[in-house]
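Visitor: Reproduced below are the annotations present in TrEMBL:
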DOMAIN    2-76  domain 'Cation-transporting P-type ATPase N-terminal'
TRANSMEM  56-74  transmembrane segment
TRANSMEM  80-96  transmembrane segment
TRANSMEM  244-264  transmembrane segment
TRANSMEM  270-296  transmembrane segment
TRANSMEM  690-712  transmembrane segment
TRANSMEM  718-739  transmembrane segment
TRANSMEM  767-787  transmembrane segment
TRANSMEM  793-815  transmembrane segment
TRANSMEM  827-849  transmembrane segment
TRANSMEM  861-881  transmembrane segment
Amino acid sequence: MKWYTKNQREIEEQLQTNAGHGLSEKQAEERLRQHGENEIAEQVSVSRIYLFVQQFKDFMVLVLLGATLISGLLGEYIDAIAIMAIVLLNGLLGYFQEQKAEKSMAKLKELSAPVVTVLQDGVWVNKTSRELVPGDIVKVKTGDRISADLRLLDVNALEIEESVLTGESIPAVKNEQPIPKENVELGDQHNMAFSGTLVTRGSGTGVVVATGMSTAMGQIASMLSSTERIPTPLERKLEELGKILIVGAILLTVAVALLGIYQGHPIYEMFLAGVSLAVAAIPEGLPAIVTVALSLGVQRMIKRKAVVRKLSAVETLGSASVVCSDKTGTLTQNQMTVQQIYVPKQHYFVTGQGYHPKGKFYLNRKKIDPLSTSALSQILKNTLLCSHAEILKTNGRFQIDGDPTEGALVVAAEKAGLSRQNLQGLNVIHEIPFDSARKRMTVVVKDEKGKRFVISKGAPDVLLKRTSWIQEGSERRPFTPKKEKHIHHMMERMTNEALRTIAVCVKELDPSENEKDFQLENHLTFAGLFGLMDPPREEAAEAIETCRQAGVKTVMITGDHVNTAQAIARQLKLLPPHGKVLGGYQLSQMTDEELEAIIPEVYVFARVSPEHKLRIVKAFQNRGHVVAMTGDGVNDAPAIKASDIGISMGKGGTDVTKEASSLILMDDHFATIKSAIEEGRNIYENIRKFIRYLLASNVGEILVMLFAMMLAMPLPLVPVQILWVNLVTDGLPALALGLDQPEKDVMKRPPRSQKESVFARGLGFKIVSRGFLIGLVTLIAFIFTYQKSPDHLAYAQTVAFVTLVMAQLIHVFDCRSDYSVFSRNPLGNLSLVGAVISSILLLLVVVYFEPLQPIFHTVELPLTEWIYILALSAIPTFIWMPSGKEKNHSIHV
Ligand code: ATP
């Protein structure tokens, strides 16, 4: 269908819809059933069997399978089958875990799915993009990613970047006029907006003409990249560690086997010893547990309102040393209220809170009727004309649909008894929308007599540069330097009280002047100033303090005036006494080197444009910081991408910034960033905890085997026992360590260096030393029992096996802390207690359940044996050892 050739009436008829009313709820439901969800099917998902087979392509597992096969061929059938069964079980677990992780990633995607404003039964409602159907009337605005193919019905300076479809990176200017031609290329269809393209400027409405796979994008869907999960840096490091361990294990195995053969042992026996060593050296369960710990961590973050888009962010968060945060809405409540209005020579005060449209006007402490004061009522009318926001009342609460700054202005007008109904006969015929770089917005209004007026509102310092006149009562007078100084003084007064200021200027257009002329915003007449309060968020102050103690510096970046920013920063205790505030103008004058030199002292960047953000990120990074940066507008995307952790706003953010970010704040609050950092640190620490636990086990196993070989004794453990320990009895407690609560001081430590090895801060020492002790007590248990009854090898092996498992299960409680086993309540992590009990039960099953005894080479142990086993097993954990933990660095932020 060539929608671009049709006019509005034809489209409405064809799609059975109405531009002023939209579809009814019933119609929308029916169409959704008929057309299906508005989704572009991703590449055929990988088959389940493939996913299952994938589990075994791991090099560690391959080595194990190869060795098992050979030992099977050599006649050890039962062992080979048992090992195969355990490996298979592990593969199955891995498969289910991967599926679960995939599902939770899909859920995350859903959480960050775009929301669209749709006209339904005559009211604008929010829907997810998946629910769109042909015939829906939708709004689009700067920063949106278009969700379906639209025929535009009404546009306002709308520009759309369509490079995904056309390859053209310069945004296309849109209009609503039908194109009376057939066979027009996508790039020339100026009255269409296509699914997947980006609104870079302006706004508009359109009717959905195609959804899902019927859209232009759907037809080229095969070009879309599939969503492949990229391993995080830590996962990659562990993969490398795994490879090193394998090479080490193979070398060790070969050396031991050759030595044994040289000493005259049979080749077959030596091969078995080699396999046992290889199994002992490799932490088979580790990769799967890391994946699960990361995905569980991501779930916990969602509970704290932080949605992770890139898994690597979880790790990077723990290293963040600077958080650059927007002010409005993130550090402040985004509940703007006009408190002061200045029209030349008159300074008014307005009462009321939030968006509740009730309040009084005062002049010189006396209550006045705003409508009886013509300058005041005029400026309020002008701001109404130059604003889009609407006041909504939902569940008894007043809210704003649109920009909060404009919302505050509309509420102030309503307090004076003015609404859009009072503006009949006045029509906006042209608009230059607000953007953070220009810091102003302008409309051209035509009255009933055909006279045209310009109304501009924006940052005072920007508009005053374009002002030549000042309106004083009914007179228009030249804007002399003295008058300008006075207005600046008024502005300073307001900004010092932490108010955001907006100036309003007007101009009457000459009949000869073109309303689309770019000179429109020159030679304006100053009409007045508004002072708006946006109180800081209480929880933000607390979060900033917590971050400070954690060695993370919070930096405010705002488009607002320097004084306003400074006053709010002081209220939030973000700005220390020695801290500096840098204005966008000063920043523009500086070279990158100068900025880098001064940046450690800067806590507030004010009156900045979005492109400054990129320089700020780079400067901090060049000084060795790991930077988290928030953003909401389209122009913030480059800085968000360049930062180490790009953060976007779930409520107020645009689709473009969301896509560039690695973390989305569902509630837009600064405190959520703090929670995410805390979780990030905790997840990393938990991963370290179970790496320590699992590797200590491996060290113990290798040592006990090696020592026994050196002492020319039989092997204390058989491969299937070692595998049972590595995958089963160790697996559950390791997972539970991944769920551990953080240590009390997790937000009192400095950020972790990104270069830091997983084994830093004494972890390597702990693994080797405790592992050594675990190996030693297992060996002692084995030697004593073996010497008592050398004919009964299985008995001694069972004692060694049980000692090893019990030593591990006691040691797991030590792994919870960087300090000592006594520093934490052993019952503090109930899942760990549950996991340890389950592991003990599993151990008892393989020792006491007769049918399993031949498979696991175990025999029944009398109760008395346990006393002596438990005493030995406790030694590795309770022997005092230096904590190996560095003293905390003093933190300077
Ligand atoms: P932050 O970065 O802290 O979120 P911000 O993004 O709200 O601040 P901008 O939106 O860039 O900052 O606003 C900069 C200045 O532009 C404001 O101080 C105000 O004077 C002016 N301004 C903000 N919104 C509007 C608007 N809708 N119309 C006209 N001027 C505006």
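Glycine is treated like the rest: Cβ placed from N, Cα and C.
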Visitor: What stretch, picked from 690-712, 718-739, 827-849, has the most CB pairs under 8 A with the transmembrane segment (244-264)?
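Guide: The stretch with the most close Cβ contacts to the transmembrane segment (244-264) is 690-712.
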Visitor: Hey, does the transmembrane segment (690-712) touch the transmembrane segment (80-96), meaning at least 3 C-beta pairs closer than 8 angstroms, sequence gap 6 or more?
Guide: no
Visitor: Decide whether the stretches the transmembrane segment (718-739) and the transmembrane segment (793-815) have at least 3 CB pairs under 8 angstroms, with pairs required to be 6 or more apart in sequence.
Guide: yes
Visitor: If we skip the immediate neighbours and take only residues 6+ beyond the ends of the transmembrane segment (767-787), which ones have a Cβ under 8 Å from one of its Cβ atoms?
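Guide: For the transmembrane segment (767-787), the nonlocal Cβ contacts are 691-692, 695-704, 707-708, 711, 713-714, 716-717, 759, 793, 795-797, 799-800, 803-804, 807-808, 811, 814, 868-869, 872-873, 875-877, 879, 881.
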Visitor: In terms of Cβ proximity under 8 Å, which residues at least six beyond the ends of the transmembrane segment (827-849) contact it?
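Guide: Hits for the transmembrane segment (827-849): 724, 728-730, 732-733, 735-737, 739-741, 798, 801-802, 805-806, 809, 812-813, 816, 856, 858-861.
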Visitor: Between the stretches 270-296, 793-815, 861-881, which one has more Cβ pairs under 8 Å with the transmembrane segment (690-712) than any other?
Guide: 270-296
Visitor: Hey, which bits of the same chain come close to the transmembrane segment (861-881), Cβ under 8 Å, at least six residues off its ends?
Guide: 700, 766, 769-770, 773-774, 776-777, 780-781, 795, 798-799, 802-803, 806-807, 809-811, 813-814, 821, 847
Visitor: Pop the mean pLDDT for the domain 'Cation-transporting P-type ATPase N-terminal' (2-76) in here, whole number is fine.
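Guide: A mean pLDDT of 79 is what the model gives the domain 'Cation-transporting P-type ATPase N-terminal' (2-76).
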